[in-house]
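Novice: Right, I'll just put the structure down here and ask away after.
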Amino acid sequence: MDYVTAGESHGPQLTGVISGLPAGLKIDSEKINNALRSRQGGYGRGNRQKIENDVVEVVGGLRHGVTLGSPLALVIKNNDHSNWSKIMNPTTAATPENTLRKVEKPRPGHADLVGGIKYRQRDLRNILERSSARETAMRVAIGNICEQLLAQLDIKIVGYVQQLGSIKIEEKPLDVEQISAQINQNDMRVLDKQTVLKMHDLIDKTKRAGDTLGGVIRVVAENVPAGLGSYVSWDTKLDAKIAAAVVGINAMKGVSFGDGFELGGKLGSEVMDEITWSKEQGWKRLSNHLGGFEGGMTNGMPIIINVVKKPIPTLYKPLQTVDVNTKEIKKANVERSDTTAIVAASVIVENVVAIELVKAILDTFEASNMERLKEQFAAYRQEVKDY
């Protein structure tokens, strides 16, 4: 399975095409739209979310709500395009009137300057429109389709906020269903609802200062069988593929698994997950310090992924930059933005991980249709248990 997205932040629409999905997968569009609403939510978002009402439209590869096995094509309209129809018109020639929002003062921390250098663009809007996190709406739509496939195989996944700025949430020994139930009770997607007001206060204070906040996200996937991915080559390791996909999300600057960077300060005897076996449960571990991966392969324990998100680079109290045309020292351009998008990021990371899990499954099992996939997957689960 593979996918591609297209579209700019203020262009007419976002487009996505998924190839390699099996035929016979029932897709619930409302579940996709619920995921898109979750991406738009969270305290600290900007005014753009009041304009957009993201709804997916499937325009190919689906009949009567069931995949055909052909490429699946998706569209999400950009409501805000009506306010940018001249400036972001795909076909009309550039004129003084439709280039009024020219961007010449690149923002530190954004793709503006380096993108302009690489693609020889003097209007950096040509860079920021595509490098905007608006594109992740389509990745959430694609990811939710993958989550629906995973659900057919009894695999559950959730992403949530572990830290906002300096405020850290203590982890609890909960399963995916319990985590989902708790994070859906507040607008910060955190396990400790007592911390929500502190987070709101921090966001408000940061907004007044014209600054932004980052944080840490955790994703947990349960009931993934041992043996997805491979040790035989660096590019077949599933944890490496997940890490690459996650860092491919805007503003993500670090990924770890299980106990993550804390592993570097511990002894081997403290962190290797001891093995046990029973006739009822098959192979299990007595702990999960390694986050469900050994040798680049899933080991049957819950997958635990920790992701660091940097603060948003668009600041309402802009930093120093240099005008790309005059070379004068200036203050960076200010574009409409959020104070924090950590809640949205937790949804995005969850869905991107779901995509990589489905890719690994479809690389492992013959998957022309869902019934055959489910049969082979169930047989493989039994094989793992009986080993």
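Positions of Cβ are set from backbone N, Cα and C atoms, glycine also.
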Novice: For the FMN site, TrEMBL lists Arg130, Ser131, Ser132, Asn250, Ala251, Gly295, Lys310, Pro311, Ile312, Pro313, Thr314; sort out which one of Arg101, Arg218, Arg285, Arg336 goes with them.
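Specialist: Site partner of Arg130, Ser131, Ser132, Asn250, Ala251, Gly295, Lys310, Pro311, Ile312, Pro313, Thr314 for FMN, according to TrEMBL: Arg336.
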Novice: If you count other Cβ atoms within 10 Å of each one's Cβ, which of the binding-site residues Arg45, Lys310 has the most?
Specialist: Arg45
Novice: Reduced to three states, what secondary structure does DSSP give Arg39 (NADP(+) binding site)?
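Specialist: DSSP call for Arg39 (NADP(+) binding site): helix.
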Novice: Any idea what the Cα distance is from Arg45 (NADP(+) binding site) over to Lys310 (FMN binding site), rounded to a whole Å?
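Specialist: Arg45 (NADP(+) binding site) and Lys310 (FMN binding site) have their Cα atoms 15 Å apart.
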Novice: Tell me the coarse DSSP state (helix, strand, coil) of Lys310 (FMN binding site).
Specialist: coil
Novice: Write down the Cα-Cα distance for Arg39 (NADP(+) binding site) and Thr314 (FMN binding site), rounded and given in Å.
Specialist: 19
Novice: Which one, from the binding-site residues Arg39, Arg130, has the smallest tally of other C-beta atoms lying within 10 Å of its C-beta?
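Specialist: Comparing Cβ neighbour counts within 10 Å for the binding-site residues Arg39, Arg130 gives Arg130.
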